[in-house]
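Okay, structure first, notes after.
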Amino acid sequence: MLVPIFTLKLNHKVVPQTVAVGKYDGRHPALTCATTGGKVLVHSPHTKRQEYNQDISLLNINQQITSLAAGRLDPEADGDLLVVGSPTNILVYDINNNRDVFYKDCPDGANTVIIGMLGSFTSPLTLVGGNCSIQGYNKLGEDTFWTVTGDNVRSLCLADFDGDGMNELIVGSEDYDIRIFREDEIIAEMTETEVITNLCRLNEYRFGYALSNGTVGVYDGSIRAWRIKSKNRAVTTHGFDLNGDGVLELITGWSNGKIDARSDKTGEVIFKDNFDHSIAGIVQADYRLDSNAKGDQLICVSVEGEVKGFNPATGEVGTTLMNTNVEQETIRELSLRKQNLMLELKNYAENSKLALSGEAAVLAAALSGDLGRKNGAQGKGGFPGLKGLMPGGNSSGFDTSGGGGDGALRPGQTGLIAGQSSGGAPMGPGGQLALAGLLGSPGHSLIPGGQSQSGEFPNFKLGASSLGESGRTMGMIPANTQLETSILVNPGNQNVPPFVELKIATTNDTIIRAALIFAEGIFEGESHVIHPSAAAVSNSVSVPLIPPKDVPVDLHIKAMIGQKNSSHFHVFELTRELPRFSMFVLVDNEQPDPRSSVHFTLNERPQRAFMWLNQNFLLSQNLVCEGDLHVTFFSLRGSGLLRIRMSQAGQFAIHTDDMDLAGNVIQSLAEFLKIEDLQTIVDFPVETETLKQILIKVDELHRVRTKLTAEMADHSNLIRSMVVRAEDARIMGDMKSMRRGYMELSDLNRDLVAGYNIRCNNHQELVLGLKQINQIIQKASRVRVGKYKNQVVTLCRTAIKNNNTSSLFKIINTGVA
């Protein structure tokens, strides 16, 4: 059982996700946290301030702190530096020497900050994730790295993703995407179902992640290894070898105060602990500087300032990380699983018993020949075993019309063939009707081929209608029952929005009692249950699907199949893939072309483009290549027409007014055709005009901001002089002048507050404008592939720095300056 080796109270509230640890003097670790009052708390147990004999010091930042990081930004320096991020700037501070290293304005904000080596850069960088952009600063404060993402950056992580010995940058943003950057080149993208709030490095090519909906998991390269979901929110994640096996586990701190450690390969919980309040951060350091310790301790901090430190396990045989309560909980879970399996086995046994009893009854009836009634007399044989097979439960007096024979069977004969009894007399109509109900649907016979073989009775089959009331109650269904699915585009109507219809049906008269569909990003909670009322059950159900984005989605379906009055059901499972562009419906080509378009040349045959269309769009039947490619789709999300053309010479054109959609189409096509580099010529007049208006507005906002800053500085100088004059009047007893001075001071203060509010609104509009510019640059890069994609981002950044708008428009349209 793992217990904390130290516990302490900071007596300050801690902002979540702003916890770091650094060796600011080069030797002694110090725990650093942001407090709710706009201050940075530094806990230094090994370097107490002599004048106060305290191990806690506070740094006044005087503004909201959004991110915090500590690390060796200058390899030649003795200690680590502290980076403090706020909504408008970042500050790099040398705590040991009590000086600012550099201060930078960040109009895009600093949502998350990390320090480390990136790619081929020869020195560490401070990487700042903000409003659709990522900036990197070296030790001198120089902006040496810049790139854009699709939305606000929420998490950053450095890891060797591709095994080339250099770190790649893993970025999680609010558009639900995880992007892997090799410097400024995107080498992989993974789409999740919610905002990515945390990323952490694990073993080799693995990294952990957390989403805002309570999901945590691990990616092995670009493939998800596992994930789990909780009703609580994962506040922070960290990679740490807690069990001493040499492999990092995923440590997660939750909003309910729970700490758990999970295997990076399976997600199995190997350790749990609980705080009284939500977790704020998890770090690691040799915090006790214990010479007997084998490494760092895991340090967990709560939002109320409670700190616990855990030593990793020794890894010796017989040691355990789990406490007794957790072991008992595990035993309870296994017992419950055993109980469910035993119940399932019991159901199987009862079904088998029912089937065997039914077969024995029919066989006995056949051998006795007492199924009919001779000369109108009641038949002698009534077998209880037939009760479960006959509709209504009757087992005696089958032949209600007379004419049946009661003769004994001789070896090799049967009384249930071709309407003849063993005595040679034909079976009465009532007996034949009874047999029809007994034998089930046409084609089901008690003896294959209707013939007996040397007095031996081989196995016989029972049809769906011959199951009887007991068979239906036990959930017996025909062996050939199958579950079929179909996916169609439903354009909707005035009252119902467009959707994709998933239809699930059985191949016979069995009913679907309930269905469970798992689909990432489509349903709230990622799952949807259909459970019709008993009166409304049938052999088919329909589910409306509305994919929010153009990404392929795996639909995992589980359906409960059985008879209408059954209390036991069979569970059928299957998986269907929803194509990437499933919210598009094929229309005729008579509509005029959209105004915007993308043109490029492919060294491919149109047949390959047809294959891509059939795989990525939801079509009633596959398209067949009959010369040039010319198809038109209509977006059910409101993006308008999408027209795709390709000639035999490889000239490709995409006509759509949605630049984001054009980028999705090109990226999907490049992935299918294995295209590494692709240059395109684009023409999006609406996007160009929008960008022009945004640039004009941003320029005006910058001028207003500069003017407001100058006015605020003038007012500040005036306030100083007015305060001095008012105080002089008070000391001299000139109450009239003092009163007039303070009234003027009050008016000036009111003007300052009004100017500050204007500046706040100005800043919000400026941030929104910069975000829109970054998003347009991101869209312009996505309509290219490979090196041309990265080239657009770099050239656009240079044009914006030089305030060269004409060059910026040319880069977006042609991909070159």
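Glycine residues also receive a Cβ, built from the backbone N, Cα and C atoms like all the rest.
Just so you know, TrEMBL annotations never went through curation; they're auto-generated.
Residues annotated as domain 'Ciliary BBSome complex subunit 2 N-terminal' in TrEMBL: 20-116.
Here the domain 'Ciliary BBSome complex subunit 2 middle region' (155-262) is broken down by DSSP into helix, strand and coil counts: 0 helix, 67 strand, 41 coil. The domain 'Ciliary BBSome complex subunit 2 middle region' annotation in TrEMBL covers 155-262.
Per TrEMBL, the feature region 'Disordered' maps to 378-424.
Residues or ranges marked as compositional bias 'Gly residues' in TrEMBL: 378-407.
Summarising the annotation, TrEMBL assigns domain 'BBS2 GAE' to 499-581.
What TrEMBL lists as domain 'BBS2 platform' is 586-673. Sorting each residue of the domain 'BBS2 platform' (586-673) by its DSSP state yields 26 helix, 26 strand, 36 coil.
Per TrEMBL, the feature domain 'BBS2 hairpin' maps to 685-782. Across the range of the domain 'BBS2 hairpin' (685-782), the DSSP-based residue counts are 96 helix, 0 strand, 2 coil.
Note on the domain 'BBS2 C-terminal helix bundle' (787-813): residues 146-148, 184-186, 677-684, 687-688, 691-692, 695, 773, 776-778, 780-781 of its chain, located 6 or more positions outside it, place their CB under 8 angstroms from a CB of the stretch. Taken from TrEMBL, the feature domain 'BBS2 C-terminal helix bundle' covers 787-813.
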Counts of helix, strand and coil residues, the domain 'BBS2 GAE' (499-581), according to DSSP: 6 helix, 46 strand, 31 coil
For the domain 'Ciliary BBSome complex subunit 2 N-terminal' (20-116), residues assigned helix / strand / coil by DSSP: 0 helix, 49 strand, 48 coil
Residue distribution over DSSP helix, strand and coil in the domain 'BBS2 C-terminal helix bundle' (787-813): 24 helix, 0 strand, 3 coil
